[in-house]
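Asker: Please see the structure below; I have some questions.
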Amino acid sequence: MSIISGPSHAAYTWAAQGGGFGNQTVVDKVPPEMLHMVDPHWYQFPPMNPLWHALLGFVIGVLGMVSVIGNGMVVYIFTTTKSLRTPSNLLVVNLAISDFLMMLCMSPAMVINCYYETWVLGPLFCELYALAGSLFGCGSIWTMTMIAFDRYNVIVKGLSAKPMTINGALLRIFTLWFFTLVWTIAPLFGWNSYVPEGNMTACGTDYLNKDMLSRSYILVYSIFCYFMPLFLIIYSYFYIIQAVAAHEKNMREQAKKMNVASLRSSENQNTSAECKLAKVALMTISLWFMAWTPYLVINFAGVFETTKISPLFTIWGSVFAKANAVYNPIVYGIR
């Protein structure tokens, strides 16, 4: 009787069979109804060590639980606490809902597929899974862009700014989701497509297709759902940081002239609170770009054929992007 069982036994068997080399490929376990969606690129790679599947399943499972609980708490706290029910915080709630739904859709499916070591949920769910990842990822960054604009309006423009209303916040939220939905349903109508990727346990945009139409989608999508919001956020925070620095410098100079420790009135305390919120938003946005940039690099490597994309690199890039949904409740929790 063997004393090796579970993932260890699978890894032992994998090694005993030559470490997955020979005629075996990472595509071997893909169900027949999914094979038409798999790019020939992946056939050159041997199967991954089963221990990687176990580790991936564990990591995405933990991330999923933390994200669902954390973002669920953010939504509950911000919607039930009267003092937090402000127009600005509607954007925070929208961000938490986006991250909540991201991992609610992504995590269980990937855990199941890691257990079976391939995509087992069928072609339709593959497309829906990829659409959800793209939708909520893009929705999150545009929500962060709206948050940056709101901070810019309050901190840089100050009293001359027109304050955001509840209706104004809802209009922004509706507009960004409509904009995001248009971009993410495009592959369902022939502009690119959603296909299995990496070790075949996840699905995403087809960045390996050599057709110019498919390539154009990756490039245009990256402009409108990565580079444009990145530019707008950098622009907003450049002036926010500049305004905060000037304000703090002025406060110190005035305090020195009057020989007092602080000049902070209730109005100044409000400004300080706004600055703290801006710092939280800046940290959240920085984490978003840290999370999604590796996956963008993978997409561009496929489009421009700059490097050989391996299943392991691809799938960890995908997991790293999804992990962004965990950061936001932690950041707002330590605020």
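Even glycines carry a Cβ here, placed using N, Cα and C.
Automated prediction, rather than curation, is the source of TrEMBL annotations.
Copying in the features that TrEMBL gives for the protein in this structure:
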TRANSMEM  51-78  transmembrane segment
DOMAIN    70-332  domain 'G-protein coupled receptors family 1 profile'
TRANSMEM  90-116  transmembrane segment
TRANSMEM  128-149  transmembrane segment
TRANSMEM  169-191  transmembrane segment
TRANSMEM  218-241  transmembrane segment
TRANSMEM  280-301  transmembrane segment
TRANSMEM  313-334  transmembrane segment
Asker: State the non-local partners of the transmembrane segment (128-149) in its own chain: residues 6+ outside its ends, Cβ under 8 Å from one of its Cβ atoms.
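Answerer: Residues 88, 91-92, 94-95, 98-99, 101-102, 105-106, 109, 121, 172-173, 176-177, 179-181, 183-185, 187-188, 194-195, 202-205, 225-226, 229, 232-233, 236-237, 240, 281, 284-285, 288, 292, 321-322, 324-325 contact the transmembrane segment (128-149) from elsewhere in the chain.
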Asker: What residues elsewhere in the chain lie close to the transmembrane segment (218-241), defined as a C-beta under 8 angstroms and at least 6 residues from its ends?
Answerer: 137-138, 141-142, 144-145, 148-149, 151-152, 155-156, 180, 183, 192, 205, 207, 278, 282, 285, 289, 292, 296, 299-300, 302-303
Asker: Are there residues at least 6 beyond the ends of the transmembrane segment (313-334) whose Cβ is under 8 Å from a Cβ of it, and what are they?
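Answerer: 56, 59-60, 63, 66-67, 70-71, 73-74, 92, 95-96, 99-100, 102-103, 106-107, 110, 133, 136-137, 140, 197-199, 201-202, 204, 280, 283-284, 287-288, 291-292, 294-295, 297-298.
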